[in-house]
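Novice: One structure, pasted below without further comment.
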Amino acid sequence: MKAVLFDLDGVITDTAVYHYHAWKALGEKIGIEIDEEFNEELKGVSRTDSLNRILAKGNKEEAYSQTEKETMAAEKNELYKTMIEEMSPKDILPGIKALLDGLKERNILIGLASASQNGPTILEKLQLTDYFDEIVDPAKLKAGKPDPEIFLTGAKDLGVKPQDCVGVEDAAAGVEAIAAADMVSVGVGDADTLGKATKVVPETGALTVELLEEVWSEAVGRS
Ligand code: BG6
Ligand code: MG
């Protein structure tokens, strides 16, 4: 294992819940209910694609102009930004800091493969930016998760082969993207939702360098 590519929301910090609340608030304004089950389908999905999925759920794909959709997405993002305003290192999920330290000690490269355009801001607030050797800019990608492009770009930017990487994700779309990139994946959360992952752990506290090394070695068949 030469590199680990991390998702951000729901893996490094619990911003997944803020995305959910911000979309829910927008949904209430336009008469589309967003519950936790439907929200699973939005995890890992870009802002624009999330809005399109929400409108499709309410059969309102044709109800708004492009400009109106852009305004709605911007409005959601403004609300989301107020929610993340006060974030600090105390919001780093359990085990993540120790994992990043362990990876650094072993000279294993660290990359961010998040669909969020707020990713760099959040890493700054968490004071984790310096750990990351590469941060993929999602605005430059052609396709979002479950397409493998974000993970393949991360590996390329780090100068490693996809087969030498482990991807860590909390979303079904993300796990699919890692698999499509021909990488070993570790899912954090519910095994029913993340069943396609090489290994699923219930929470971030279980993520250690040893575990990632072990999962990678077993899957790739070497150490
Ligand atoms: C992903 C989240 O990390 O980023 C999604 O799981 C979110 O819920 C996506 O829609 C895009 O985030 P942002 O911050 O660019 O709107
Ligand atoms: Mg996520």
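Even glycines carry a Cβ here, placed using N, Cα and C.
Below are the features listed in TrEMBL for this protein:
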ACT_SITE  D7  active site, nucleophile
BINDING   7-9, W23, 42-47, S50, K76, 114-118, K145  substrate binding site
BINDING   D7, D9, E169, D170  Mg(2+) binding site
ACT_SITE  D9  active site, proton donor/acceptor
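Could you give the neighbours, burial and distances for every feature on this list?
Specialist: The number of other CB atoms found within 10 A of the CB of D7 (active site, nucleophile), across every protein chain shown, is 31.
Around W23 (substrate binding site), taking its Cβ as the centre, 23 other Cβ atoms fall within 10 Å, counting all chains.
In this structure, D7 (active site, nucleophile) belongs to neither helix nor strand by DSSP; it is coil.
Long-range C-beta contacts of D9 (Mg(2+) binding site), restricted to its own chain and to partners at least six residues apart, with a cutoff below 8 Å, comprise T15, A16, H19, K43, G44, S114, S116, D170.
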Novice: Of W23, R47, E169, which binding-site residues come within 10 Å of D7 (active site, nucleophile), going by C-alpha to C-alpha distance?
Specialist: E169
Novice: Taking only same-chain residues 6+ apart in sequence, whose CB is under 8 Å from that of E169 (Mg(2+) binding site), what do you get?
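Specialist: Expected: D7, V11, G44, V175, A177, I178, S185, V186, G187, V188, L194, A197.
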Novice: Do any of the binding-site residues W23, G44, Q117, E169 touch ligand 1, in the sense that the CB is under 6 Å from one of its atoms?
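Specialist: With ligand 1 as the reference and 6 Å as the Cβ limit, the list reads G44, Q117.
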Novice: Let me know the DSSP-derived helix, strand or coil state of Q117 (substrate binding site), please.
Specialist: coil
